[in-house]
Amino acid sequence: MTRTRSGSLAAGGLNWASLPLKLFAGGNAKFWDPADIDFTRDRADWEKLSDDERDYATRLCTQFIAGEEAVTEDIQPFMSAMRAEGRLADEMYLTQFAFEEAKHTQVFRMWLDAVGISEDLHRYLDDLPAYRQIFYAELPECLNALSADPSPAAQVRASVTYNHIVEGMLALTGYYAWHKICVERAILPGMQELVRRIGDDERRHMAWGTFTCRRHVAADDANWTVFETRMNELIPLALRLIEEGFALYGDQPPFDLSKDDFLQYSTDKGMRRFGTISNARGRPVAEIDVDYSPAQLEDTFADEDRRTLAAASA
């Protein structure tokens, strides 16, 4: 591909009010360095956990770090798709997105190192076939497909897989698990800070994915069917992953966690995304570019979680 023009030189410059550039500016303003997080007390708290509690927490962290690494490796075709569309603002944001995924991989590995976990951790994923299906097959396949087919429909399928299922259901449920483990027991302060920082980053990621689906649905209503179909394909797989994780621990899950609570939480986060995308049907595409409802949805989820956890800790 040869370059014929530069978007930043066009008349009027860049539209700083567009959602992608709002997200980009937000990421710059909230920059954080993993090296600033103190994991000293986490090691002491870790030693006080039971064997099953350490096993559960290690498995949870393993799922997170492998997922962060997977997206670090797989997101590049989405950048190329944005370039093919001439969407500089989205491409700028996705460079930040990729950097943040790499940083998340770094900080989870730093936490594992800090609590003394150095063995090979692949076995923690071997017992979770749904995880392997999502992260080792569905995610790379739909993102890599953008290299050959950057069409709106392919973008919607890729965004559903990552932004709505992996981040919008599974990662949010994982943060919920960490909060139930850490906040309610006042342990692992480094992990608490880590999750707070990563959660803030990934709210922007999810908002961008919702925005991308909304603009394609607004432009062509056929993409609503693409969105709906892909969500309905993957939601059962995401819920099966939660069930597989709990099945490993029998009738007494570590930390007194509840499978039904987690399934309800994850389902709620998945189902509420349908309405946000549906609301874009028939809308002028230009309106979607400066509609901040995707970011507001993620902030709503975060506020709900804060209130729930505050009530549980009271």
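Using N, Cα and C of the backbone, Cβ positions are placed for all residues, glycine too.
Mn(2+) binds E101, H104 as Swiss-Prot records it, and from the list E68, E69, E138 the residue named for this site is E68. Fe cation is bound by E101, E202, H205 in Swiss-Prot, and the record lists one more residue there from E167, E243, E244, which is E167. The Cβ of E101 (Mn(2+) binding site) has 23 other Cβ atoms within 10 Å, all protein chains considered.
The Cβ centroid of E101, E167, E202, H205 marks the Fe cation site; residues of that chain outside this set whose Cβ lies within 8 Å of it are V71, F97, E100, H104, Y162, N163, V166, A171, D201, R204, M206, given in sequence order. Counting in whole angstrom, E68 (Mn(2+) binding site) lies 12 from H205 (Fe cation binding site) by their C-alpha atoms. DSSP assigns E167 (Fe cation binding site) to a helical segment in the three-state reduction.
Here the Cβ of E167 (Fe cation binding site) has 21 other Cβ atoms within 10 Å, regardless of which shown protein chain they belong to. Note: the CA-CA distance between H205 (Fe cation binding site) and E101 (Mn(2+) binding site) rounds to 10 Å.
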